[in-house]
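Features of the protein shown, as given by TrEMBL:
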TRANSMEM  18-39  transmembrane segment
TRANSMEM  60-83  transmembrane segment
TRANSMEM  89-108  transmembrane segment
TRANSMEM  220-240  transmembrane segment
TRANSMEM  260-280  transmembrane segment
TRANSMEM  301-320  transmembrane segment
TRANSMEM  340-364  transmembrane segment
TRANSMEM  384-406  transmembrane segment
TRANSMEM  426-447  transmembrane segment
Amino acid sequence: MPPTCDGPTCEAVSGSKAVMLFVGLYLVALGVGGIKGSLPSHGAEQFDESTPKGRKQRSTYFNYFVFCLACGALVAVTFVVWLEDNKGWEWGFGVSTIAIFVSILIFLSGSKFYRNKIPCGSPLTTILKVLLAASVKSCSNGSPSNAVVNLAISPSNHLKEVTESGELEKPRHQEPVPPPQTQLTNSLRFLNRAAEEKPDHKLLECTIQQVEDVKIVLKMLPIFACTIMLNCCLAQLSTFSVQQAASMNTKIGSLKIPPASLPVFPVVFIMILAPIYDHLIIPFARKTTKTETGVTHLQRIGVGLVLSILAMAVAALVEIKRKGVAKDAGLLDSKETLPITFLWIALQYLFLGSADLFTLAGLLEYFFTEAPASMRSLATSLSWASLAMGYYLSSVIVSIVNSITGSSGNTPWLRGERINRYKLDYFYWLMCVLSAANFLHYLFWAMRYKYRSTGSRS
């Protein structure tokens, strides 16, 4: 329990209490990272990807995976927030602990029905080995001995590589194993040295299949990088938007809504939109385009990025209106509640919730279907890495903006005693411009990307 605090500043937690606090927080991060990194690919592997029906079911799974995340978030920002505000933080953490424990029991109860992928080493090891082998051989390219083709690599060796690293354990039925890669492609040719030339050391020996798998992952990285900006926008709207709402009228009738529960709007919208998208929009798109997916993964991600641009534009316009009300009421420097409902903030959340649904579900399915079988968990984990990088980038952008705008004795845009004095509308317009530039960058890579998986093409 922290020391009692009644003043404007409070004593910071320290000593063993600080250790307990941060160990708990980092354990949560570790656990969430493990679950979110493995659960999407585990669930998607339960479907038969060799048939159109199985691929459609897998697409539905990713939509409802995001839907279930929204369900959990709804409980968190309503019931758990109410518990923490009215009963204490220990009650909120206690309910969360019980929920996780129950979920483990439910997950284990289905163990005998799962189709499990046998772990055979880390894909990171393969990626590092191929990159290191290609780099070493490029540096020692002048030696004639390194120009000898490694004849030990044969189709039979490749088949062994695929089955050991990517084959599924199928208790119910056997699906055909994709044919192994027997030829090096011309893309990213500098990596071909890893399989073409005799290695300097046995540990650097790479198969053609390994080299081609690494190429596939590297080609997906630009798409991954273009989604970081969207998550940066998500971070801004879950921080400054809460401060905006706290200065506004948060009552709906006689019910007072805590500002921390503001994310309920995008969460509810995701829960409404996910079934509509899966059962109405996608079937209509399939009939219109005469394709299996209706909307390709990259098109879906692109729609999410466009919606994030609109979300930031709406956020800027809402902030202009909020500050206008504060100015007209003479409350720019007052702590009084502004005579404007916080439901105006919900407008930007509706766009942002839609963007999150389109981009996250599309990104998870894109990474899973396009990645090599042995690297699917790693690929789907990139979706959550994008989220982490976006939130970190948001802190960097805020610091840079304050540093630049606060130079020469000026007042920084995003610092001060009253949020009414912030230049938050300017900042949102800046984020809108950055998001638009990011979308153009995304188009550059998306238009050049060639799908490799069945059912992904438009």
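Including glycine, each Cβ sits where the backbone N, Cα and C put it.
Owing to the predicted nature of the structure, the values given are computational and were not obtained by experimental measurement.
It is 220-240 that, among the stretches 18-39, 89-108, 220-240, 260-280, forms the most Cβ pairs under 8 Å with the transmembrane segment (384-406). Note: the stretches the transmembrane segment (301-320) and the transmembrane segment (220-240) are in contact (3+ CB pairs below 8 A, sequence gap of 6 or more).
Through the fold, the transmembrane segment (426-447) approaches residues 222-223, 226, 229-230, 232-233, 236, 240, 298, 301-302, 305-306, 308-309, 312-313, 315-316, 319, 397, 401, 413-414 of its own chain, all at least 6 residues removed from its boundaries and within a Cβ separation under 8 Å. It is 260-280 that, among the stretches 220-240, 260-280, 340-364, forms the most Cβ pairs under 8 Å with the transmembrane segment (60-83). Residues 263, 298, 301, 304-305, 308, 311-312, 315, 348-349, 352, 355-356, 359, 363, 366-367, 370-371, 379, 382-383, 385-387, 389-391, 393-395, 397, 414, 419, 422, 424, 427-428, 431, 434-435, 438-439, 441-442, 445-446, 449 of the same chain, all 6+ positions outside the transmembrane segment (220-240), place their C-beta atoms under 8 angstroms from a C-beta of that stretch.
Non-local neighbours of the transmembrane segment (340-364) in the same chain are 40, 62-63, 65-66, 223-224, 227, 230, 233-234, 237, 241, 244-245, 248-250, 252, 257, 259, 262-263, 265-267, 269-270, 273-274, 277, 297-298, 300-301, 303-305, 307-308, 310-312, 314-315, 318, 321-322, 325, 380, 382-383, 386; each lies 6+ residues outside the stretch with a CB under 8 Å from one of its CB atoms.
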